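In TrEMBL this protein carries:
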TRANSMEM  A:30-54  transmembrane segment
TRANSMEM  A:79-97  transmembrane segment
TRANSMEM  A:109-126  transmembrane segment
TRANSMEM  A:132-153  transmembrane segment
TRANSMEM  A:165-184  transmembrane segment
TRANSMEM  A:204-235  transmembrane segment
TRANSMEM  A:265-285  transmembrane segment
TRANSMEM  A:291-310  transmembrane segment
TRANSMEM  A:315-334  transmembrane segment
TRANSMEM  A:346-365  transmembrane segment
């Protein structure tokens, strides 16, 4: 039923209210940014102190960590390549995380996707565009199913999703290993790796486009842009995304409000799986152009940091992904140049997660910030 | 095939099962205490890794296995307390902070090992100590049981004794009963004067200690060195054992034995022509199936419970 009000007054109120809400939103975004930046600074400081304590030269180490990725063009290429993977992973994690589901299946989903994409790209001759689209779609479907399985048993049976996704990862990685050894590696080959994929399936390298050596960075960056937008639309502009966010805020409320929480939770796992699969496709069609052992090893938890730093906001994930892969690539360079183990980056990563999840610290930082603004 | 069967039905095989069960059983018992205290400890994996590393490094430095054990225990308990501090005092999400601790453990241990030894893979180039293997005088001469019950590592005995210990603690001791009350319903426990926070600190510290023993066993009993990510998911299999075991000490032990059996089998079958990746999958697939079965049983129970409730008022 329409309530009749003086139209001028109501539109005036609405505009003012909207402005107020928008200002509030902007302010909280700024506060979030400040909190995140200070967390990163604090984590880097911890790394600095660790190096100081163990008697390494932290200034030398940090200068190669922080300037390394830009020091040569092929290193910048490595940064772009790594960021591509991490941003996609961050997006894939953000969706179940928004629904407060701890799906850790990205690792396995990447391996599955790599296998499916490689089978098509190696053995099935296809015309140019289709040779990329078909492996991509097939791999995403596989990722969807691989995500759906733990999603279903979580949503309908309330089985611990952490255990189920990690176990599934282990099974898939072993399966990958088995198939690579016994099926994909051609008989008589010197090392454990598949044949190259067909040229039609290879994603164009950025080096070929720009004429400078950008390593293995490739056109998958376009996929990243598309995915960022798609995930943002999904979460912010569709009913499903709304349901995911409500479940994340308060699952009981969502259920009483008439949302089919079980279906939505299972879907959040599955969509995350389909996106993680794109990262796997990027590794096969773009980076390695064949299957190699442990193709996506060590990437399992990286997406979590990227998503957490961005507070699961898809529009911020490219920024945090670029930042975090910068640290990763910088860490490798630091290891070469300063003989400090690249694993210090993992330590910094852990500190970032710990600090960002510590509600008390975050709230304290926020209240300090407000205090400073009000005085 | 005949050979395989012979290998499986032998005393050495059973002894091997006990050997590989140990590093699953110890963290599983720890995880059980935490789970019943209402603070699911996903960081078992990381705690084991840190303790395995600390134990080996201290035993290299001091050439004493006992100091190594102490260092491993201390490292495990401290790590668990850090997790407890972040969760209970800083109100961090326990799952995410546990994931952070696992990452910290994986990276931090390699960082430290690389720093001290210059080798990233393992400490096998250096001489570290091992916890003693114990020959039990009379039992070791019993024909079939001798080689199974005697000659195991000290920590293997401790693991199986700990099953009884944890059971007594949880069901017969005041602290354990309070702890379970906290896990069951923190508000109710608080209302009768139980300090929820300190109970959960206790639960996590105990789980850290038991996981630490598991880690020390891996690097100072099962083998004699520390290697990168040597826990290989045992901390997570331990979590699964808790669920499969119906969240009781005895059940957890049986579940851990099942996983131990699967792993020992995979080693045996690996000696034959069976591709070892497929065999290695067995424990993980078993875990997945167990997880689903346990969830189904729980669901049936909940439904039955509901029905009883509904029927109660109208006799």
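Yeah, the Cβs are placed from backbone N, Cα and C, and that goes for glycine too.
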Would you say the transmembrane segment (A:315-334) and the transmembrane segment (A:109-126) are touching, if the rule is that at least three C-beta pairs must lie under 8 angstroms and be 6 or more residues apart?
no
For the transmembrane segment (A:132-153): best-contacting stretch of A:165-184, A:204-235, A:265-285, A:315-334, by Cβ pairs under 8 Å:
A:265-285
How about the transmembrane segment (A:165-184) and the transmembrane segment (A:291-310): at least 3 CB pairs under 8 Å, pairs 6 or more apart in sequence, or not?
yes
Which residues of the same chain, at least 6 past either end of the transmembrane segment (A:315-334), have a Cβ under 8 Å from a Cβ in it?
40, 61-62, 64-69, 71, 75, 78-79, 82-83, 85-87, 90-91, 94, 224, 228, 231-232, 302, 305-307, 309, 340, 342-345, 348-349
Please give the sequence-distant neighbours of the transmembrane segment (A:204-235): residues at least 6 beyond its ends with Cβ less than 8 Å from one of its Cβ atoms.
73-78, 80-81, 84, 87-88, 91, 94-95, 98, 241, 244-245, 271, 275, 278, 281-282, 285-288, 314-315, 317-318
